[in-house]
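Per TrEMBL, the features are:
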type: DOMAIN; residues: 21-107; note: domain 'Pyrroline-5-carboxylate reductase catalytic N-terminal'
type: TRANSMEM; residues: 205-229; note: transmembrane segment
type: DOMAIN; residues: 249-394; note: domain 'Ferric oxidoreductase'
type: TRANSMEM; residues: 249-271; note: transmembrane segment
type: TRANSMEM; residues: 292-310; note: transmembrane segment
type: TRANSMEM; residues: 347-365; note: transmembrane segment
type: TRANSMEM; residues: 386-407; note: transmembrane segment
type: TRANSMEM; residues: 419-442; note: transmembrane segment
Amino acid sequence: MNKNSSNIMALAPNTSNKRETVCIFGTGDFGRALGHKMIHSGYPVVYGSRSPQISNLIPKDAEVLGHAEAAQKAAIIIIAIQRQHYNFLIPLAEVLRGKVLVDISNNLKLNQYPESNAEHLAQLLPGSKVVKAFNTVSAWALQSGTLDASRQVFVCGDDVEAKQMVMNIVRALGLTPLDKGSLLAAQEIENYPLQLFPMWKFPMFLSLGLTAFFFFYCLALDVIYTYIYEKNNFSFFIAITIPNRVCPVMALILLALVYLPGIFAAIIQLYRGTKYRRFPDWLDKWMLCRKQLGLIALAFASLHVVFTLVTPMRAFVSWRTSKGIIAQALNNKTEPLNNTNAWLSDSYLALGILGYFLFVLLGITSLPSVSNNVNWREFRFVQSKLGYLALILCTAHTLVYGGKWFLSPSAYKWYLPNIYILSLIVPCAVLVVKFVLIFPCVDKPLTQIRQGWERNPKYSE
């Protein structure tokens, strides 16, 4: 196959039925799982072990030999051992000269050593071609076949040919190789599996902080205030009532925070007159975690739906309903239907249902399995156009329900506004500024800037 057939190689890395033998040093969990997967993909596998006798744990179609003898049978050797045991490879330096060594090791903590494990291996065996790969795939995923969440394999190395050989194996195993460049990228690749939801930290801390604030805010106004001034014990509100107020407020605010960085980005680009200057770091990080903010907002909205559905089963609601019926019976008077309240109630529910439907649609299209099947314009239409429509509906839903408290003096306990009033500040600000940005006199120059036009071309250098 000539050098110009790289595209064909990407689609069919090995067109022949016979695959090259692969050697694996290490018979631990990952070494056995990877060998089993390779055998199923048509690769002859030989294990290099200190104890060459056959073990029941080794795949039955694999061969087990001593390290030196096993290394002589293959051009690619997978090093499935920990870094602290690399020294046993030094006496095998001549046998391993010219071989492709695939380092799959991980560490126990971030930046545990000054250099990456792969770089350390390359220093120990300078005559070998070291490639970093497979460290982001778990042994359990290889054994069970559930690779949907870990199908991508990062690959890096200084030798292009050796790296291509490893990437061909990755493709043959049904995985997706991602070339990360030279061996200098190995430190980043080794740190990747140790990071616990790196893009979720800011959204989670922000959500927990806001949830705690609004919970204690409602606790002060709905439980403590009523107990002090009205002598009513509403402590049971902590279980259902307060969470059912906090959840919709959090959902609305977080949804607004998904679109607020886009507003800031547009204002900054209009002010600068160019798109070729980086945004501030805080805005970059904020924009990168918008998906996570949106999914957390959807979770709060779903909790609000569940809490609302169980509300009729509450003892407090049954007592309040019975009390109203008995009061009408004792007074021998039936309260007439208030058409205004009926319209407000139905409008509030309709807006909530439509807003939640779009909310769920936004969440579904953010899933990789769905977003990969739509083009860029379709994805942008759903996430931007329908996203703003969802924000409008959810804001209107809150405004119809809680708008009555704006002008009610009794709603300002301890001179503090109701929680629903607070929840409308951020979304209303986002919608007002967005409404200004879609004016032709503003939208036209903004579109030109995003298409490459600059007010001052010096920033493009």
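The chain as shown is numbered from 1 upward.
Using the three backbone atoms N, Cα and C, a Cβ is placed for every residue, glycine included.
What you are looking at is a predicted structure, and each value in this text was computed from that prediction instead of being measured.
Sequence-distant contacts of the transmembrane segment (292-310) (same chain, at least 6 residues past either end, Cβ-Cβ under 8 Å): 199-200, 203-204, 206-207, 240, 243-244, 247-248, 250-252, 254-255, 257-258, 356, 359-360, 362-363, 366, 394. Here the transmembrane segment (419-442) has long-range neighbours at 214, 217-218, 221, 245-246, 248-249, 252-253, 255-257, 259-260, 263, 266-267, 270, 388, 391-392, 394-395, 398-399, 401-402, 405-406, 411, meaning same-chain residues at least 6 beyond its ends whose C-beta is under 8 angstroms from one of its own.
Within the domain 'Ferric oxidoreductase' (249-394), the DSSP-based counts of helix, strand and coil residues read 122 helix, 0 strand, 24 coil. Across the domain 'Pyrroline-5-carboxylate reductase catalytic N-terminal' (21-107), the DSSP tally of helix, strand and coil residues reads 27 helix, 19 strand, 41 coil.
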